[in-house]
Structure formats: structure tokens, C-alpha cells
Amino acid sequence: EKIKICLQKQVNSSFSLHNGFGGNLYATEEKRMFELVKPKAGASVLNQSTWIGFGDSRTDKSNPNFPRSADVSVKTANKFRSLTGGSLMLSMFGPPGKVDYLYQGCGKHKVFYEGVNWSPHAAIDCYRKNWTDIKLNFQKNIYELASQSHCMSLVNALDKTIPLQATAGVAGNCNNSFLKNPALYTQKVTPPXXKCGKENLAFFTLPTQFGTYECRLHLVASCYFIYDSKEVYNKRGCDNYFQVIYDSSGKVVGGLDNRVSPYTGNSGDTPTMQCDMIQLKPGRYSVRSSPRFLLMPERSYCFDMKEKGPVTAVQSIWGKDRKSDYAVDQACLSTPGCMLIQKQKPYTGEADDHHGDQEMRELLSGLDYEARCISQSGWVNETSPFTEEYLLPPKFGRCPLAAKEESIPKIPDGLLIPTSGTDTTVTKPKSRIFGIDDLIIGLLFVAIVEAGIGGYLLGSRKESGGGVTKESAEKGFEKIGNDIQILRSSTNIAIEKLNDRISHDEQAIRDLTLEIENARSEALLGELGIIRALLVGNISIGLQESLWELASEITNRAGDLAVEISPGCWIIDNNICDQSCQNFIFKFNETAPVPTIPPLDTKIDLQSDPFYWGSSLGLAITAAISLAALVISGIAICRTK
């Protein structure tokens, strides 16, 4: 007796239909192309080999109480340049009796966890009761220059020329000593004949190199005394006070000149010292000061200005019973590109009240790892391009964009059944897939024509079923990826130009950045919708091809025992080919001809420039689908007589 045996697609109400370009799919399950990720609080780095830290006892592995005294792991401590009791500002000014450490090192990303050792608790005077405002200005300049440099170093001995009549001086309010920078020089005068002394003229040189460190820019403390009135300074009738720094061309670059600037007008009778932070290029500079007193720059921090990179500043405060300042916090928040790590609770140490805080350890634990994105909101190492909430800038790396979960396209999963057809739901997408409205002029927009996706599918369409070839879909992936790269590059240029135009308005930059991010998210979701449709169509075609491959294999196995009368259907004589024979042909010796479908291997990798500020996302698309490995599920063997 002859019977007809066919491969038949079986789809029931549990399947959902997914439309694609060139073919559709029925599937038992579906999943979002990406899940939303949540940033982890604290600090991390993009690359373990390209960062360096600057710290104090809380990162100092030579501390006798390490690791209990530390807020970082042993691995992270190895990345820090630290000394117990030290701070960048202490090394800059060198107050008597304090730790003086040579801070220097190189790294694209710099993490600063120091500053607490110069705080109100330190009670440093030297003609200034409160140094917090100077510390704020110092830290801000350090963060700014560090973000533009690969290497930085303290220069702890500048070449100088001091006038013969000046000798090193001391001050009673500075432990009967004085700062190492600036150094105090005084003139010995003999009233009444030489009651005023001579004007001071001194020179110092900022080097182009310090050891192995190149110096293209120096941070210098321009210090001078502030008198409340001329009478306070001019008790001997010696004219007005001045202390001025000049560059080699004679231009004033720092200091104070009471010959042209008014005194404070306050009622005090003791001068205070002010130190302005100035950024100077290498070269020879002169210092002129009124007789009797000279404050001479003797140190600087030098920067090579060779590479832009992230800066992370970690809140540096004492535990209970010690007074702290928040200069580090304020300096970082007012410096573009600086990410601030802050505690939510008071500092509570394990080794003592001031060392080994558990909350800070958790916030800094991310320094042991590499992240895909670091930002003020935290760090992310998942590959998803979407997060539930907008990540606060600054941010660097491949940072996810804010999106709603329901807006992320879904792709078919589980049991997949192909069906011919053309997607009718996405043939008219939005007229452009990227845009940040009319604020940005001249951006490249990708137009989507009504007939399809405007040249992305380059192959010829099959007349039967209206689908596209596998090759054309693959070319579509390549072309859409290339076009989006061009789009992102053009956007980069436009954004950078706009940033330059409105750089004076920080709020405008923040507003524009948020708008751009929202547009990027919408654009990416639109792009993913197109990619999803391409994926569905490509898989559908591939599965149908696999069906024909399966039918061909059955025909080959059957030989003369079965005659293929149409694709997927055979006539067989069961008097000649019994059940075991049929099992051999159609079930491969009782082995199911339809093994479980492997997981859909799709990857969409979003890439960006190494750093967030002024950059634009780039989109690299790979859709690696092993068509040869996909075997049709949901196929039944149907017998009819």
C-alpha cells in the first residue's frame, strides 16, 4: 500500500507571530533584545592597566596596620602612590612638621583619595588661620590639569636666584619655621639710615622636564601678604606693599600690587597670606617685591598635557571628633570631567576611628574590576545599551542610554516556525532614525522609504513569498552598520562644534547633553527595530532553507524507497518499506530528526569613543546566526494513504 508522508508545520495558539523583512516567524517565546541595567554605586575604571591613584594612609600598603587601615583591597593599593600622613597640598606647600611625599605617576584615568591630612584638624597657620578656600582652588586646578595629562609630578626644587640682601626667614605663627613653598626671605635693616631696605628682585625657572617627567604646564602657588591698610605695612614710611610675578616678556602673571590696588580697609594689624593657583608654561620668571619681605615660589606640580582622561575624586574626611572640610567635594563638582565618590554615612573606621570604613570599602571595591561605563551615577559592566534612569555626567566608556522597558524591541525565542511573507507593520517607520531636533543643524539623517529600508536589502527578492535572500540580508546588516557609523561620526563633529560655541554656559551644555542622550536612545530603539526585523527575516529564510536541506537529506536516505512528489512530501510503499525502514528514513533510526534548537546567537555591541564628553556613540552590529546549525522544530511527520 502506498502512503504519502509529509513534513508539516504545526502552529497553535501558544505561538506568537513576529514580522520581519523578507519573512516571518512563529515562536513559542519571546525576549527583549536587551534588559535594563542598573549602575553600581562607587568608583571603577575602564582599563586596569591604564589608571593610577594618589592617596594617603587609607591606600598605603606600607602602613603597619594595613590592610585593616585601608579602604581599598591589596590589588587596588598597588595602583596607588601613597604615604601615611601625606596629601598633594602638603607636598606642594611643605608646612613644618608635616609629611612631605614626592607624588608622581602616569595613567589615563587618575583616582585621587587624599586631602584629609590638610584640613581644619591639622591646624596649620603660617599667616593664615583657614586654608580651606586655598585648598579648594588647589584641588580644582589639580583635577583640571590631571584630566588633560597622562603624567604628573611634584617638582620639589625649582632653580632660583635670590637677591644677596635677602636671607631665609621664619615666623612665630609657623612653628618658628616657615613653609617650604613659598619660602620666606627677609632683609635685615638698620634704622634710621637704612630703615626700608631695597626692592627685591628674584628669579625662578619652571623646567621642561623633571626627572623622567615631561612638563608642558606647571601649577604654581603665587603667594603674597594682604595688609588691611597702608599704615599697617608702612609703619616705617616705606611706601606701598607689592609682590608680583612677571613672565619673560614682562607681563604680570600673579601677585598683588598695592601701588595700584586698594588695601582691604579692614581694621586688623596683622597681615594674612593669600596663595593663588596659577598655571604657567616652562620658562624663566621674575619676582619683584617691596623691601623687607619676599615670598619665593620653590615648588610646582608639572603636567605633560598629552592625554585627556577621567578623573575620580573620593571624599576625604575624618571620623568622629575631628573637624573636616569638604574642599575635595566642591573642587570636583566644579571641575568638568571629575567624578565624585561620596559617603552617605559618617566615616567609621575598623582599625581606628579614621581608617577602614566599610561603606567606603564598598564604594571603592569597583576599582578591582574593569567597567564598560563609569559615571557620576556609578559604574556598569553589563553589555546592555539601556538603563532605567539617565546616568549623570561626567561619564566615560560605553555608557547605556535611558529607556523604558516596554520600548525595547522583542525577538522570537524558543520553538521557531518560519512562514513566508513581508512585514506589514514596519514598512513605514519614522522618516528618520536619528535626530536631535532643530538645535543641531546639518546632521546626517537616514531616510526610510516606504518600499522598505532604502537600499539596505541589496539582493533580489524571491518571487514566491516576497522574501529576500540570505545573502541580501547579510549585506543589509553590513550596510546598516556602516551607515550608522557614518551617522555617528557626523553627529560627533556637530556636537563638538556646539560644545565649543556654548562652553561658557554649563547649564546649556547639560540641557543639550540630556537632549542628545534622549535622541540617541530613541534613535537606537528605532535602529534596533530595523535590526529585529532583519533578524526575523534572516532567521525565517534560514530556517526554510534548513527545511529544504532536511527534505533533501530524507530523499537521499530513502533512495528508491520513496519518491519526493513535492518539497517536503514523499510517496512510499509500506509493503516494501516497513515501519523500521520508515524510521530509518524519517527518524534516523529512532533519533529525532529535530533536535532542540540552540539558543539564538545574536549580539548587538554598542561602542563609543573612549570618553563621554564631546563624543558620540558608534554602533557596531553583528548578527551571528548559525543557519547551518538551525534545524526546524515544530515539524510533524504526517502520513496519509
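Cβ from N, Cα, C; glycine included.
Record features (Swiss-Prot):
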- SER57: active site, nucleophile (ACT_SITE)
- ASP352: active site, charge relay system (ACT_SITE)
- HIS355: active site, charge relay system (ACT_SITE)
- CYS106-CYS151: disulfide bond (DISULFID)
- CYS126-CYS174: disulfide bond (DISULFID)
- CYS196-CYS238: disulfide bond (DISULFID)
- CYS215-CYS302: disulfide bond (DISULFID)
- CYS223-CYS275: disulfide bond (DISULFID)
- CYS332-CYS338: disulfide bond (DISULFID)
- ASN12: N-linked glycosylation site (CARBOHYD)
- ASN47: N-linked glycosylation site (CARBOHYD)
- ASN130: N-linked glycosylation site (CARBOHYD)
- ASN381: N-linked glycosylation site (CARBOHYD)
- 297-351: region 'Esterase domain-2' (REGION)
- 617-637: transmembrane segment (TRANSMEM)
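Of all the glycosylation sites listed (ASN47, ASN381), ASN381 sits in the most crowded Cβ setting, with the most other Cβ atoms within 10 Å.
When Cβ neighbours within 10 Å are tallied across all protein chains shown, the highest count among the recorded positions ASN12, SER57, ASN130 belongs to SER57. Note on CYS338 (disulfide bond): other Cβ atoms within 10 Å of its Cβ, all shown chains, come to 25. When Cβ neighbours within 10 Å are tallied across all protein chains shown, the highest count among the disulfide-bonded residues CYS106, CYS215, CYS275, CYS302 belongs to CYS302. Across the structure, CYS223 (disulfide bond) and HIS355 (active site, charge relay system) place their CA atoms 34 angstrom apart. Looking only at the disulfide-bonded residues CYS106, CYS126, CYS151, CYS338, the one with its C-alpha closest to CYS275 (disulfide bond) is CYS126. Applying an 8 A CB threshold to same-chain residues 6+ apart, the list for CYS238 (disulfide bond) reads LYS195, CYS196, GLY197, SER290, PRO291, ARG292. For ASP352 (active site, charge relay system), the count of additional Cβ atoms within 10 Å of its Cβ stands at 11 [all protein chains shown]. Note on CYS126 (disulfide bond): other Cβ atoms within 10 Å of its Cβ, all shown chains, come to 18. Counting residues of the region 'Esterase domain-2' (297-351) by DSSP class, helix then strand then coil, yields 7 helix, 14 strand, 34 coil.
Here the disulfide-bonded residues are CYS151, CYS196, CYS223, CYS332, and the one whose Cβ sees the fewest other Cβ atoms within 10 Å is CYS196. In this structure the alpha carbons, written CA, of CYS151 (disulfide bond) and CYS302 (disulfide bond) are 8 Å apart.
Candidates ASN47, CYS126, CYS332, HIS355 (recorded positions) were compared with SER57 (active site, nucleophile); those inside 10 Å Cα-Cα are HIS355.
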